[in-house]
Every structure is written in structure tokens, then in C-alpha cells.
Amino acid sequence: ITIGAASGLVTAFALGMGISAPIIGVLAHRASKRSLLISACVALLLGNGISAAFNDYYIILAGRVLGGIGVAVFWTNAALAAKSLSQGRNESLAIGRVLVGISIASVVGVPVGKLIADATNWRMAMWMMTALSSVALLTVWIWVRPTEESRQKENLSDTVRV
């Protein structure tokens with residue numbers, strides 16, 4: 001594909017993230033953190049898998065949008081889950097660790113993905129992301145317990161007002 005088409009795939013991922021984060025934040029405010037994190041991991045896994053497996057540009061584009069949505073949902077809920085998992089002890093440390101992880105993944109992930117793509121091909125980089133998404137899904141499934149998913153229920157109007 002051309003450089004312009006490739007940058008369209010990057011843009012699709014970013015738009016998936018940027019547009020979906022506030023919308024899903026409002027619409028999913030009553031959902032449990034565990035359900036949202038599992039859904040985010042599944043979206044990222046499917047988005048990366050679709051992008052790696054298909055040849056059609058528009059299907060790959062849809063996969064990138066889906067992956068971006070998964071990342072947006074994950075990032076917006078991971079810190080809240082870390083706070084719950086800390087059970088009142090070192091909440092700020094738990095949230096800080098999530099934010100450091102997000103920062104490291106953002107800074108290191110792109111060059112590592114490029115190295116993998118240069119050494120093999122771009123599909124292998126996407127398959128590696130699919131595998132990492134599976135690890136994230138398994139980690140959330142094991143560590144974010146259903147008993148920790150209670151959230152204060154609020155009216156949608158209260159959420160929108162904030």
C-alpha cells in the first residue's frame with residue numbers, strides 16, 4: 001500500500017480512540033470495570049487479528065478502528081480497576097503504575113512494532129499485538145475479580161453534567 005494509505009490506517013486507529021472514549025465513557029458509566037476491560041481486550045484482540053488476517057484495505061481499516069476503540073475503553077478504565085484492586089491501600093501508587101505502563105507502551109510499542117515489521121513483515125507485528133491482547137485479556141480475567149466491580153450508580157444526567 002502507499003504511504004498515504006498506511007497513514008490512513010494509523011489515523012483510523014487514532015480516530016477510533018479519540019471519538020469513542022468520551023461516547024463510551026458516557027454510555028457505559030453503569031457497566032462494571034471488569035466487563036469494560038474484558039470488552040476492551042476483546043475489541044483490541046479482534047481489531048488486531050482482523051488487521052493481520054485480511055487483505056482488503058477497508059476491512060483492515062475497520063480492524064484498526066475497532067482496535068482504537070478497545071484501547072480507549074481500556075485506558076479509561078484500567079486506572080479505576082487498579083484503584084479497586086488496591087483495596088484502599090496505595091491507591092495513588094496503583095493508578096500511577098497503570099499510567100506509567102500506558103506511557104511505556106506508547107513510547108516503546110511503536111519502535112518495537114517497527115523492528116518486528118522490518119525483520120519480518122507488518123502482519124507479524126499485528127499478530128504479535130493480537131497475542132499481547134490475548135495476554136491482557138487473560139490477565140484481566142484472572143486479576144479483576146467480579147466482586148470488585150461494584151460502582152456507585154449515578155444518573156446519566158449527572159455524568160453528562162461533569
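Our numbering is plain: 1 for the first residue shown, then up by one each step along the chain.
Here the Cβ of each residue, glycine as well, is placed from N, Cα and C on the backbone.
The annotation domain 'Major facilitator superfamily (MFS) profile' is assigned in TrEMBL to 1-162. Sequence annotations record features per position, and here TrEMBL assigns transmembrane segment to 6-28, 35-54, 60-82, 94-112, 124-144.
For the domain 'Major facilitator superfamily (MFS) profile' (1-162), the model's pLDDT averages out at 87. Long-range Cβ contacts of the transmembrane segment (60-82) within its own chain (Cβ-Cβ under 8 Å, at least 6 residues beyond either end) map to 8-10, 12-18, 20-21, 24-25, 28, 33-34, 36-37, 39-51, 54, 94-95, 97-99, 102, 129, 133, 136, 140, 144, 148. Non-local neighbours of the transmembrane segment (6-28) in the same chain are 36, 51, 60-61, 64-69, 71-73, 75-76, 156, 159-160; each lies 6+ residues outside the stretch with a CB under 8 Å from one of its CB atoms.
Same-chain residues lying 6 or more positions outside the transmembrane segment (35-54) and placing a CB less than 8 Å from one of its CB atoms are 9, 28, 60, 62-74, 77-78, 81, 123, 126-127, 129-130, 133-134, 136-137, 140-141, 144, 149.
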